[in-house]
Amino acid sequence: MSSQVRLRLLPSARCLFDQPVQVKVEGLRSSQVVTMRARSMDEKGVVFSSSATYRADGSGKVDLLRDPSLSGSYVGVEPMGLLWSLKADALHKYFFKNNALQPHVVKFSVHEEDREDRMLAEVTNERLLIGNGVSRVPVKGRNFQGVLFTPSGDGPFPAVLDLSTFASEKRASLLSNKGFVVLAVPVYSDHPDNVKQTNLDHFKEAVDFLQQQPKVGSKGVGIISRSKGADIALSLAAFVPGIEAVVWINGCSSIVGVPVYYKNRQILSTLPFDFNKVIRTESGASIIRYGLEDAVTEKNKGSLVPIEQAKGHFLFIASGDDLNCDSKAYMDEMAERLKHHGKENFETVCYPEAGHLLEPPYGPYCPSALHGLIRFPVLWGGEPRAHRYKQHIDKITAFIKWKSQSNPQF
């Protein structure tokens, strides 16, 4: 390494996962061309990397906030490009970062142009999922299990149930950093093949547990959900009292997978999936967007969640390029149905160029990965740049805070 070259992360090399950093290099030669690299390992031991070529200014400085990448994993001015463009060497890999106790560690380095063996400087970025004072407590109820995140301070705080398809703490911990008591609960705590029905009573138990927390200052609960968790969130809003706000992200308006039971009887059937409509691609990943049957046909109406009977408010967020399901069409159908019933308790947001995996910002973009339910690789859709910003996270936070402030029951 060169003693003259300095690589800095501002304002600090240690930050929260969803906070940007300014990457700067000093001490280069005037107009020197260098390669910037980033490298990180996920919780499964898979290495992800990215690189971009930059030209120093007349004073020997590179500033990713100002300077464009000339080539590499991305081109143009992308201050956080080295993070969102992190990619595994193998195809169909998702960056697993689900344990909130361990930071997302990224090694940044600067090298002589196209010479990986000639490193000039390096620095390590620790991106924390859990902020100062936030407590993390694993929870095991009679019929559910999850992780409870509670902010520091006396509260009271709004309560949020975070429903993910499989166990994940990332979104819940980051939301708790913003002043929410969040209980992260997976839809599947067992292998999906072993699950023959979804019992809404189990998720009601989680809602009841959340309402009883000492720092929760109200009776109502908000829910944030994506994909399979989204239809469970709709079901809770429709059938379980006390659900004041639901954030639905890239899901279905009907039940997918297995039927839903509540109070020992089936209340919703499942929307059939036609595997003949799966589109195989040369990459080895498939497009499954068109596999689900039409939810509003007479034979499938038993799978349609009756959200018109819900008393809470909805924020529907859909991606226009979702290749997992036609979430935009489902969102539009639900909006029209609510309007038909004289309801105004909803907002809709569409991100036209985004794909299925809308996640907290600055994490690696995932174009394809093994699908957890159907067990073959699928394309998620979306342009990488459409996933680099945090508008949907800001929108979600503002929506839940608005509901908690405007509704005394929340």
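Note: Cβ is positioned from N, Cα and C throughout, glycine not excepted.
Feature annotations, courtesy of TrEMBL:
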ACT_SITE  S227  active site, charge relay system
ACT_SITE  D322  active site, charge relay system
ACT_SITE  H356  active site, charge relay system
DOMAIN    199-391  domain 'BAAT/Acyl-CoA thioester hydrolase C-terminal'
- In whole Å, how far is S227 (active site, charge relay system) from H356 (active site, charge relay system) when you measure between their Cα atoms? 8
- Distance [Cα-Cα, Å, rounded] between S227 (active site, charge relay system) and D322 (active site, charge relay system): 11
- Segment confidence, the domain 'BAAT/Acyl-CoA thioester hydrolase C-terminal' (199-391), expressed as mean pLDDT: 95
